[in-house]
Each structure stands twice: as C-alpha cells, then as structure tokens.
Amino acid sequence: MATLDGLPPLREVIDRHGLDARKALGQNFLLDLNLTQKIARTAGPLEDCTVFEVGPGPGGLTRAILSLGAKKVIAVERDSRCLPALAEVADYYPGRLEVIEGDALKTDFEALAPEGPIRIIANLPYNVGTQLLVNWLLPRQWPPFWRSLTLMFQKEVGQRIVAKEDDNHYGRLGVLCGWRTEARMAFDVPPQAFTPPPKVTSSVVHLVPRETPLPCDVEKLERVTQAAFGQRRKMLRQSLKPLGGEALLTRAGIDPARRAETLSVEEFVTIANLL
Ligand code: SAM
C-alpha cells in the first residue's frame, strides 16, 4: 500500500518490529498518516524549526513532522523496542532525526535546544503529558525556549487546559496555562483513530507563550489557586481566609463574595502579587 512519504505503512512497521502496544507505557498508536499530518500542521510552519517530539513510538507523528519540512526532529522515547523502527525513519531523512532513548520527565529539553525556533509536539500518555506541560510552563525566564506546544490529551484534560473563567472546567491548570500562554483546543480525535483504542475521546491542544506577560511568582499563584479551587463552591472570603481573606481581597479590589471560578487569570495574579 502506498504511503504519503514512501516509507512502509505503519502497521507493517509495527508487525515487523514486534511493537505490540504496552499499556504500562500508555501506548496508543496513530497509524493514519493524514491524521498525524493534521496534528503536525497544527503546530504551524515547521520549515525553519527544530521540533522536540516526545514519545515517537513507531514514528507516525515523527514521519508527518519530517514530511512537512521540519529542519530537525529531536525525539525522546522511553521504549527501546521502538529504536530500530525509528532508525529506519532516520535513514530515510538523513541528518534530520535524532532519537534519544530516555524518560521525557527526566530530560532537560532546554539544555538540548539548538539555536533557532523550537516547537514541541507530542502524543503522550496523558499523565506524563500534564507533568511535562507544567514543567514547560514554569521557567523563570519568559518567553521560554519553545515557540509552541502541540499536545494530545484526554479531552477532559484538554478542556481544563484551555478553560477560562465561568467555565466548569476552569481550575488550577487553566489558571497556570492562561497565566503563561494562549491555549486553544485544536480538534478532537476519536478513540477508534488509535491502535489500540483508548476508552475516551482525545483532543489536540495548541499553546503559544502569552504576548503580554503577567509577572508573578508561581509559588504564590499556586498558593492562591490551591486555596481558592480547593473550596471552589465557597466564597473567596472563606476559601482564602488562611492567606488574608476579606482584607486581601479588598486590597485587590475584588468582591469577597465571589467564587474562584469567576476570577480571571489577571485577577488571580493581582491577588498573588499582594501576598
Ligand atoms: N507518537 C506515537 C503515535 O502518535 O503513534 C506514539 C504515541 S503513544 C500514545 C505514547 C508514546 O510515548 C509511546 O511510544 C511510549 O513508549 C512513549 N512514552 C511513554 N512514557 C514516556 C516517557 N516518560 N518518556 C518518553 N516517552 C514515553
């Protein structure tokens, strides 16, 4: 069967290398190269970019990123069984794919980053993805080393990432993402698009660093959101009592009778900066 890029179909690659999906590694592979291209295209123009890919697996998304012209892909994969399949992709695109065997959670991406624009693209087990996302949002230096993050999550996690105030999904993750980035939901991916299919629908989210930074100490912001959303049904004068309650809110110019989910990211930052 012909493929978009001239390499063998992914199903054949998986069979030939014995890459039966392992649940413990959150392996749900995407075999449709049109879909992997759609994800890669969501990241924006790739021609002049180095792309960090996390969890390339048998290489479907990797192939899409390379076929769309990324200058270089640096891919971090934990499962050594995938390395021979990825070596075939590297041979097909000489000098453009570097594979690092290791745990993405222990990888210092910033230290690996070459000169020039960097984009990060990943289809990862969602718990690893959430932790990596938080790590990528935390550097003190802002804008960060990356130009965009294009990541697959369980749909419910994606909704929490992009949520704004007055949305049921709005919480600590939404405030953290909104503080540092502009995050948008790109599109949903149904379970049957994966092999094997996961239980729930997934979503691709795309984040770029905020154009107008909101200077704030992240530990303080976390203290405020933890207290506020820890008791999200209560009025802020009650939930923020340990941090200064009504007096703090009055100084911030915020009605103490409001609830956490009605506060904008800017308002959370104002409170954090008064601690
Ligand atoms: N990118 C491929 C695709 O779209 O078909 C594979 C996606 S699969 C959902 C997740 C991949 O992440 C697997 O290849 C798995 O081995 C890898 N992985 C899981 N945990 C990892 C970690 N901590 N660091 C790096 N890779 C990891």
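Using the three backbone atoms N, Cα and C, a Cβ is placed for every residue, glycine included.
Neighbour count (other Cβ atoms within 10 Å of the Cβ, all protein chains): 21 for Leu30 (S-adenosyl-L-methionine binding site). Per TrEMBL, S-adenosyl-L-methionine binding site is recorded for Asn28, Leu30, Gly55, Glu77, Asp103, Asn123.
The domain 'Ribosomal RNA adenine methylase transferase N-terminal' annotation in TrEMBL covers 35-211.
Fewest other C-beta atoms within 10 angstroms, among the binding-site residues Asn28, Asn123, are seen around Asn28. Neighbour list (Asp103 (S-adenosyl-L-methionine binding site), Cβ cut-off 8 Å, at least 6 residues apart, same chain): Val76, Arg78. Mean pLDDT for the domain 'Ribosomal RNA adenine methylase transferase N-terminal' (35-211) in the predicted structure: 96.
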